[in-house]
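Engineer: Just dropping this structure here.
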Amino acid sequence: MARPKIALIGAGQIGGTLAHLVALKELGDVVLFDIAEGTPEGKALDIAESGPSEGFDARLKGTQDYADIADADVCIVTAGVPRKPGMSRDDLLGINLKVMKSVGEGIAANAPDAFVICITNPLDAMVWALQQFSGLPTHKVCGMAGVLDSARFRHFLSLEFDVSMKDVTAFVLGGHGDTMVPLTRYSTVAGIPLPDLVKMGWTTQDKLDAIVQRTRDGGAEIVGLLKTGSAFYAPATSAIEMAESYLKDQRRLLPCAAYCDGEFGLNGFYVGVPTIIGAGGIEKVVDIKLSKDEQVMFDNSVNAVKGLVEACKGIDESLA
Ligand code: A3D
């Protein structure tokens with residue numbers, strides 16, 4: 001059986017890290033696409049030359065030609081621009097919307113059967129636009145944010161409790177922005193929910209609130225430190241987790257930006273929700289019950305996403 005083909009649209013910081021991870025994990029052959037001449041070719045060759053030492057079997061190719069992504073099984077999209085210090089994700093909307101148009105058309109023409117994972121910000125609006133521009137089925141187009149936001153939450157919690165990150169599970173839902181919703185009730189240490197851990201004296205409500213806020217600000221914290229771009233190691237790892245669940249039909253239950261068609265009372269929007277990812281793509285949106293307070297936070301987050309989608313429609317008439 002031929003190896004899966006994984007197309008990475010955008011060969012910048014995240015794209016290059018994705019290519020390295022795909023090769024190291026032997027998930028398939030890689031095509032790195034970018035408009036910047038030489039960048040995808042250089043990264044593909046550099047990673048391929050690490051193969052003899054690492055002992056992986058994967059072909060890597062860099063290109064500026066969409067024809068090279070033909071029949072890709074998975075496309076991961078990072079094309080566009082990242083934030084600089086002082087910028088919000090929403091400041092990227094206009095420029096990255098144009099990028100989504102060309103990427104959507106490129107995928108539609110060359111890899112219409114692919115499972116597409118968008119990472120470009122502002123995430124929830126860009127994945128919506130990418131689905132519109134590509135015309136691919138909604139269950140085959142999703143966005144990566146919840147896995148990353150949850151991983152950040154899990155990391156901070158593991159530091160607070162001084163336990164292995166493996167035993168911390170967490171859920172962050174809603175839009176990938178300042179209004180994201182870390183759900184403490186559904187987050188646990190080896191099955192013990194966070195509110196119970198507060199009662200058991202493992203932490204205080206104040207400390208938990210501070211961790212929730214640090215999670216919301218997790219992207220900005222790294223932008224502030226790096227100064228020249230945004231996070232890329234953990235975002236790439238998170239998208240790989242989703243791609244692997246699709247390619248190996250693992251049916252992982254992962255939070256990601258998925259198209260809601262009635263679930264969570266939403267119609268026609270992408271927002272961070274729990275999903276099952278298997279060979280069919282987004283096989284299910286898991287419509288969990290939210291408490292009153294959680295629902296208020298979720299609605300607030302959804303309204304922010306809706307505002308960005310409306311802004312997209314204002315910029316590109318074909319989306320209206
Ligand atoms: P960067 O290193 O700048 O890479 C972006 C690449 O896209 C560059 O190599 C560009 O040449 C390329 N590019 C620009 N326009 C096009 C085009 N039309 N077609 C193909 N390639 C193009 O950025 P990065 O890799 O650090 O980040 C990529 C995106 O991910 C940004 O929008 C970030 O804001 C976003 N991001 C999202 C998350 C989430 O959790 C959702 C996290 C971190 C970064």
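Numbers here mean position along the shown chain, with the first residue as 1.
Heads up, the Cβ atoms here are built off N, Cα and C, so glycines get one too.
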Engineer: Just to be sure I read the record right: Gly10, Ala11, Gly12, Gln13, Ile14, Gly15, Asn96, Ile119, Thr120, Asn121 are listed as binding NAD(+) in TrEMBL. Which of Asp29, Asp34, Asp90 is listed for the same site?
Structural biologist: Asp34
Engineer: Can you tell me the CA-to-CA distance separating Gly10 (NAD(+) binding site) and Arg89 (substrate binding site), as a whole number of Å?
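Structural biologist: Their Cα atoms are separated by 18 Å.
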Engineer: At the level of the C-alpha atoms, what whole-angstrom distance separates Asn121 (NAD(+) binding site) and Arg83 (substrate binding site)?
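Structural biologist: If we compare the Cα positions of Asn121 (NAD(+) binding site) and Arg83 (substrate binding site), the gap is 9 Å.
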Engineer: Averaged over the whole of the domain 'Lactate/malate dehydrogenase N-terminal' (5-143), what is the pLDDT?
Structural biologist: 96
Engineer: So what sits near Asp34 (NAD(+) binding site) in its own chain, CB-to-CB under 8 Å and at least six residues off in sequence?
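Structural biologist: The list for Asp34 (NAD(+) binding site) reads Ile9, Gly10, Ala11, Gly12, Gly15, Pro40, Gly62, Gln64, Ala79, given in order along the sequence.
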Engineer: By CA-CA distance, flag whichever of Arg83, Arg152, His176 among the recorded positions is nearest to Ile119 (NAD(+) binding site).
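Structural biologist: Looking at Cα distances from Ile119 (NAD(+) binding site), the smallest one goes to His176.
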Engineer: Same-chain residues six or more away whose CB lies under 8 A from the CB of Arg152 (substrate binding site)?
Structural biologist: Arg214, Thr215, Gly218, Ala234
